[in-house]
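So that you can see what the record holds, here are the features copied from TrEMBL:
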SIGNAL    1-28  signal peptide
DOMAIN    47-153  domain 'Cytochrome c'
BINDING   CYS69, CYS72, HIS73  heme c 1 binding site
DOMAIN    204-367  domain 'Cytochrome c'
BINDING   CYS219, CYS222, HIS223  heme c 2 binding site
Amino acid sequence: MGPPIHTVRVATCASILSGLFAMGAALAQPLGLPPVPVPANNPQTPEKIALGDKLFNDKRFSSTGEVSCATCHDPKKAFTDSPLVTSEGINKLTGTRNAPTVINSAYYKLFFWDGRSLDMEDQAQHPIVNPVEMGLVNHDPVLKIVRTDPDYVARFKKVFDKEGEQITMKEVQQAIASFERTIVSGDSPFDRWYYGGDEKAVNDQVKRGFNVFLTKGRCVSCHTMEQDYALFTDNRFHNIGVGVNRIQQEIPQFAPAFLTAKSAGTDVDKAVLTNPKVSELGRFAVTETLDEIGAFKTSTLRNVAVTAPFMHDGSLKTLRDVVEHYNNGGVTKKDDPVNDFLSGGIRPLNLTDDEISDLVAFMESLTSPQFAAQKAAAANPASCNVKTTTVANASPVTPASNSGSGGEGM
Ligand code: HEC
Ligand code: HEC
């Protein structure tokens, strides 16, 4: 029995590697996705992308030397830390939120579950100094490393033509964002059917599930699609009844108390990740708009089948749990009361058991090939270790026509 199994393992490893190569090398525009928006002031270059990859994986940027961006956005776990409910940073400290995948996050207009960061460049500075993530007191240790480590010195010189004190966090963040903009992945079975016209790419159950998604399930009203591509997010914020239900009673006292603390200088990034109640305030913590209490960013549904558990707090374990939550009208247990700030778009759906299964099958058809292969390999303990730095050697993903389509606050 030995040899055949061995053969299968080798094949699986090879397919992951080729998938990752394809992801970085050629995917200017994978099937089902638009071109990646790239800000005019941070154009993609192969050297900058490679530098960003190195920075993304550098554990020296944490207080313990044990945590990098890739710890929680692990390329081997579809750029998440699945199956953790909430992320673990330095010294195994846990934050309040589930790590979203970095795959296709370049298409978001605002970053983090509550949109508190305005672009990818800005986002990259925060985890480094968050006490439950990488735990540095300030960015000085990062700057010291990139200004003195010979390999970084050479790379920053080549990419930005800067050295010594000319190198600031701006360049570090730009390189990381450039790398993240290559982590783009479409071409799922659904894309090959719906956008590629291959009737055999998905089965009938997926097609039925897609119909539920569009009609009775009302999912597409927030997880939106376009004529030529689908991001499955409206880039907006909604209260769908997750997490906030837990602090419902306390909101009348707690929300104003948070605003007082905020005006006295409380750091929002630190507060939301360390204080579970502040976390549940959602978009309100950023905008201070009452009707955004408990509202979070609509997630993309791409690759959702390989990034469990779900929602900002990781509270729903399976895709079936998610659909049941929606089917109940925004509560996890059927007859629980809904929260006061629930989105008008959330109401009981009366889906049948078959419709629920179909909807789950549809979501499972949104997995890009390299991450499907990865999941198969993960289920096979003896499979090879994938060296994901292959992504870094990629040519720029952005066609010239694309530059400037992004820009600040795109
Ligand atoms: C300790 C785990 C951890 C580490 C380390 C970490 N992240 Fe994250 N990341 C998270 C969590 C949790 C969130 C969601 C936080 C929130 O929304 O409040 C997140 C959110 C993000 C997002 C936003 C995605 C979206 O959907 O809006 C990006 C991009 C990202 N991280 C990139 C990075 C980069 C770059 C680094 C390194 C500089 C990094 N992360 C380090 C856990 C981590
Ligand atoms: C009113 C807007 C809205 C509608 C309608 C909606 N969603 Fe969502 N969806 C969201 C938001 C917002 C989130 C993130 C909420 C959170 O984390 O608290 C989300 C999260 C999810 C997630 C979790 C993604 C992840 O990575 O954790 C899945 C899966 C999902 N929705 C599927 C569906 C399905 C299936 C339907 C239809 C039955 C649907 N959604 C209808 C807004 C919506």
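Cβ atoms are placed via backbone N, Cα and C, with glycine included.
Taking the mean position of the Cβ atoms of CYS69, CYS72, HIS73 as the heme c 1 site, the remaining residues of that chain whose Cβ falls within 8 Å of it are PHE56, SER68, ALA70, THR71, ASP74, PHE79, ASP81, ALA99, VAL102, PRO127. Of all Cβ atoms in the shown protein chains, 21 besides its own fall within 10 Å of the Cβ of HIS223 (heme c 2 binding site).
With a CB cut-off of under 6 A applied against ligand 2, the binding-site residues CYS69, CYS72, HIS73, CYS219, CYS222 are reduced to CYS219, CYS222.
Using DSSP to sort the residues of the domain 'Cytochrome c' (47-153) gives these counts of helix, strand and coil: 46 helix, 6 strand, 55 coil.
When the binding-site residues CYS219, CYS222, HIS223 are checked against ligand 1, none has a Cβ within less than 6 Å of one of its atoms. Sequence-distant contacts of CYS222 (heme c 2 binding site), defined as residues of its own chain at least six apart whose C-beta falls under 8 angstroms from its C-beta, comprise THR233, ASP234, ARG236, HIS238, THR298, GLY345. Residue environment of CYS72 (heme c 1 binding site) contains 23 other Cβ atoms, counted within 10 Å of its Cβ in all protein chains.
Each residue contributes its Cα atom, and for CYS219 (heme c 2 binding site) and CYS69 (heme c 1 binding site) these two points are 31 Å apart. Cα of HIS73 (heme c 1 binding site) to Cα of HIS223 (heme c 2 binding site): a distance of 23 Å.
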